[in-house]
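Have a look at the structure below before the remarks.
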């Protein structure tokens, strides 16, 4: 017991000693600069890294660091989670989250941590569960009392629990809590798997967090300047005489707040050291509870030192927290074994050879049905040396080859560095608005100004740009109105904006490499596929600008990678890694379709193999054994949840964020219904709408074309040009300008006394019903806010207009006609104003109105309808649009930007040689499949089973991905451009890499050639054929041929990349002969004359 409690005592001393002494410095800093929390955190991280580094220093180590048994990626992942939790908790205050709600959710960290541990299979006693619940209640009471004493509003009656902002903030806090709980369990499992390496965790978790602070530099800099402006530090004379003169001089010349900031970081280092020691020796729940108690002790000390009053609620909360902490500590220490278990050495060897088994059921028995039954759980009493030798030999024989992976790792590092270099080179040029940056840069500014706008694409990609602008402190003042507008003169952080897609574009290249690597391809194949993307001018040009395609392509590639990782675990269903890769596939798919709706093609390309996989699971004769219907239902439900339901809810979440941020009226109002517009503040329609009465003269406008309903004395011609005869009635047209011929009077439907003109013979022919859209009984008819349809009473057709003008006899004005399809949105009109209303009318007096609440799903469905309608309406011609048939052959590109003075231009164009090669090999693959099928029909087996399986399943999956992202464009009627082919081009690069391996006879290793028996010998498997086919015999050939092919391909691709680089990067400017030299297929380049 004493030996077990020793490390705990040391960690408790550091936690409570360091953290509680830290209170004085923290209070002194906060009193001078209350908003310096971010700077305090940075200083603490820097000092922690500085003092923890010596323990990890190794002069002979890589990067002068000691080797750690814990993979670096795990430390980096832990650091990223820590940073994300803190950012989410602070971000929640940006929404309609009150202090009480924030306190309650933040105080249940112990509960969520215990819940996460329980889900991961950990067991807790009833007393531990009760003490955690009690402690959480105590923390809520204490924090509530603390917030109330500081004057924060604790009233919850004003919270609108149906408000979208509140719902989003609540989701953010819940995600932070779940992520925090998972982080605690994750670190605990690192210690359990790799040993007690808390010093390495202390260093790496803080070191990897430092780069994440770079994005917050403006805020950090301003906080430091305010702290540095404080008065110099005053040293007591007694202490000054004891200190060296240099130290005294430095302290006296340093501002007081900066000295306290440094002292705060040093004392916090002691506390963090204790936390890491504690987490290495106890559970995540224990760490959370100790930290809660430490927070309360720190607060009590601050009360005592700074004379703050302590209310009765605070005393009650303190008593509950200390009592619950003591109860949990007593229960936990009583469960610590007083005597360590004695483990047989042979048992240790057996466990180390066979890996740590989570349960007895994971032990696989070798041998036939007549083999002697062994105990399920390894037992040192019956485990012989022979068994141990067999297990050790099995590990040696069947362990996947790891020695050759160093070359893959070196290759992916080099490729990643080159990817970042090619994407970030000259990213600040041009310093002007380029091509569609006018749209997506503008949308980011709207987000930052919280101004509602409308776009045909989902919000995720645009939110990322707004997030980049928010990180650098930009307010969204520039509206990206025209191509060529200067970023410099308008002080726009355009490099930060462009860095977001550039980073994703760079990461897409190693993702392609990983796809090939995880699919089991050779290194030349991996390098070929990644190299085609690395040196592709089209991908580089599209991912260096403020455009959505980088996000789309990156998450499309991640979706493919995650699905491959999931598919490789198909024989280990419902395990932790199986669920992880299934859910990650769903998340990435959701991010794809949340960026652009063409992401549905990625859903299809992954959905097809998922359906094939489910079809295989239904096979009663499957090699792994038949599944019962309940077991199959579990597989089906898991895939439905992971790949459909969760992605859909994540997709909805981005729309919730979209609606929450865009709370102000803006240019997107006109696309939405009046009911939707009433949810926006400062909406002109809401503020200026006026009730309409009978006999008012009004002006009526068409919602889509904005023309006024107009009538002038001229009449329709007797005979039209097509031979039709008209009634020669008075012309009613659509006129874009306001004049007196646009005035119409509202009259009741019943005949009126004294209105002879209105009650004439054609009274019924001029009778129209005003049918308000989504109208309710008793609803007021108002200007601007009441959208309606004019239904002709006798014929029941809707009044309608369009953009094609009438001939000269109608002065080229818009035609007004009847539409039999009453439901079409093009039939909607609204009243613009009431010219007859006196200026001093009571109806013109407006009272301030509160924004209304509309359920999220109602807003979502309305926006979806508008997005799909306007997306399909993008059918107008564009000088640089192209047809899908031309994309694989790269027949033309798109001009993005030009500058006449320097003859510089950005012309979007892929790498011609790379595109032509990939397109050619797509045809080669189709030919190979066709030839193989024809040979099989004639009884000739040219391929062995493994080669055919790789060709059809893996390369076929890549080909399906290409076809899914390419063929659907042939049936689209909207504008299409070359950049729509980029996702399909990525898939064609994968096919190219796979065929390089196939053509040059590189075969996957056959891991199933034999079975190891208990005597340590291999038993030959049953051969399906008497002789191995030609390709199987050539499978062991050297890789020299494939390396030569890869080198040749990349050499010509790299040359082509450099040749067209001036058109990709926009510099240097080219002379006429240089421009003409690059017009390979008569590309429409500028400055060719």
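Cβ atoms are placed via backbone N, Cα and C, with glycine included.
Any TrEMBL annotation is an automated prediction that lacks curation.
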Which range of 37-55, 56-74 is transmembrane segment, per TrEMBL: 37-55
Annotated range (TrEMBL: region 'Disordered') out of 332-357, 358-383, 384-409: 358-383
Of 257-278, 433-454, 521-542, the range TrEMBL labels transmembrane segment: 257-278
Range annotated as transmembrane segment - as stated in TrEMBL, picked from 1014-1037, 1038-1061: 1038-1061
Cβ-based contact of the transmembrane segment (913-931) with the transmembrane segment (951-972), 3 or more pairs under 8 Å: yes
Long-range Cβ neighbours of the transmembrane segment (951-972) (under 8 Å; 6 or more residues past either end): 519-521, 556, 560, 598, 601-602, 604-605, 608-609, 884-885, 887-888, 922, 925-926, 928-929, 932, 943, 980-981, 983-984, 987-988, 990-991, 994-995, 998
Residues in the domain 'MIR' (778-834) grouped by DSSP into helix, strand and remaining coil: 6 helix, 27 strand, 24 coil
Secondary structure content, the domain 'MIR' (689-749) (per DSSP, counts of residues): 3 helix, 26 strand, 32 coil
The transmembrane segment (545-567) vs the transmembrane segment (456-474): 3 or more CB pairs under 8 Å: yes
Positions on the same chain near the transmembrane segment (456-474), where near means CB under 8 A and six or more residues out: 215-219, 440-441, 443-445, 447-448, 492-493, 496-497, 499-500, 546, 548, 551-552, 591, 593-597, 651, 654-655, 657-658, 661, 867, 870-871, 874
Distal contacts, the transmembrane segment (1038-1061) - CB-CB under 8 A, six or more residues away: 522-525, 527-528, 531-532, 535-537, 909, 911-914, 917, 996-997, 999-1002, 1078
